[in-house]
């Protein structure tokens with residue numbers, strides 16, 4: 001339905017109005033039920049055709065407060081001029097915005113939430129800060145060298161014999177050998193001894209005479225077998241506690257080749273699946289003793305060229321042997337000629353008879369060929 005049922009005249013007639021009940025089929029539209037219950041009211045007077053409605057009239061129920069309190073004359077209300085224009089004063093609608101009922105607390109909120117309190121990071125100690133190792137205080141008897149004296153020693157190195165330098169260099173790897181494996185044992189007494197040893201070695205290195213800068217340094221391109229040997233020759237200490245040294249007593253590992261699990265078959269593999277074996281399509285292939293294919297070809301050739309079959313009929317061979325000449329008389333020669341002519345005529349008659357007899361045979365053969373072709377097509 002184009003109109004809602006509530007606004008139809010048939011539904012509105014229940015209110016006991018004074019409308020004509022014969023006009024029920026016409027969908028009468030009402031804006032208020034009071035128009036039906038109070039009775040028919042006269043329609044509002046419309047303005048002239050020249051005036052254009054820019055504002056609602058006084059009789060309009062939706063005009064709001066403008067119609068009641070407007071003091072302009074009717075001519076000004078119906079005019080289209082700019083000076084007579086007056087904006088509509090619409091009543092403001094009640095806002096649906098909820099009230100702000102939040103009341104901030106006087107005490108400040110805690111920055112650290114309960115989650116942060118429960119899930120704190122673990123108290124992981126610093127690396128190298130072991131509480132079971134007692135920290136050694138520096139001894140007061142150590143001579144403190146001034147910075148100027150250090151610089152002078154760096155620039156002017158004391159001349160020492162080469163034998164003493166070699167002895168100092170030889171002592172270094174021995175001490176390293178002694179302190180290398182002890183770091184792996186977790187006993188506190190051994191760890192304390194390791195710390196003491198390292199401190200002594202560092203003190204020795206600080207007071208050791210440095211080599212002059214003129215000596216050639218071992219680089220990577222010199223082709224030294226091990227970098228550790230080159231460092232030992234130079235006599236420079238490393239920052240690592242345990243310098244890498246390759247193991248000497250370990251035998252080289254022999255590569256073991258695992259046997260392949262796959263064993264290839266000794267016999268020749270037949271590349272034919274079960275599907276190929278079952279679905280070969282042997283009916284289409286001609287067998288050795290089967291002459292069906294040849295016969296079909298012959299039938300097709302006969303169907304296309306049926307004149308070739310008649311040519312296959314053997315013709316009687318005519319003997320054209322010349323008789324021997326006899327010098328006795330002319331009579332036997334004439335007799336021989338007559339015999340040849342008679343034999344030629346007889347052969348012609350036989351050929352005509354054979355051609356007459358072959359015609360019905362050809363018809364029968366052509367019928368058979370047509371039947372076979374029809375069967376082959378089916």
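Just so you know, glycine gets a Cβ as well, placed from its N, Cα and C.
Now, the feature entries from Swiss-Prot:
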REGION    36-111  region 'Disordered'
COMPBIAS  52-62  compositional bias 'Polar residues'
REGION    79-99  region 'Mn 1'
REGION    112-135  region 'Mn 2'
COMPBIAS  203-220  compositional bias 'Basic and acidic residues'
REGION    203-378  region 'Disordered'
REGION    237-260  region 'Mn 3'
COMPBIAS  242-252  compositional bias 'Basic and acidic residues'
COMPBIAS  265-274  compositional bias 'Basic and acidic residues'
COMPBIAS  306-315  compositional bias 'Basic and acidic residues'
COMPBIAS  322-337  compositional bias 'Basic residues'
COMPBIAS  359-378  compositional bias 'Basic and acidic residues'
Mean pLDDT for the region 'Mn 1' (79-99), rounded to an integer? 85
Sort the residues of the compositional bias 'Basic and acidic residues' (265-274) into helix, strand and coil with DSSP and give the three counts. 1 helix, 0 strand, 9 coil
Mind tallying the region 'Mn 1' (79-99) by DSSP state, helix then strand then coil? 0 helix, 0 strand, 21 coil
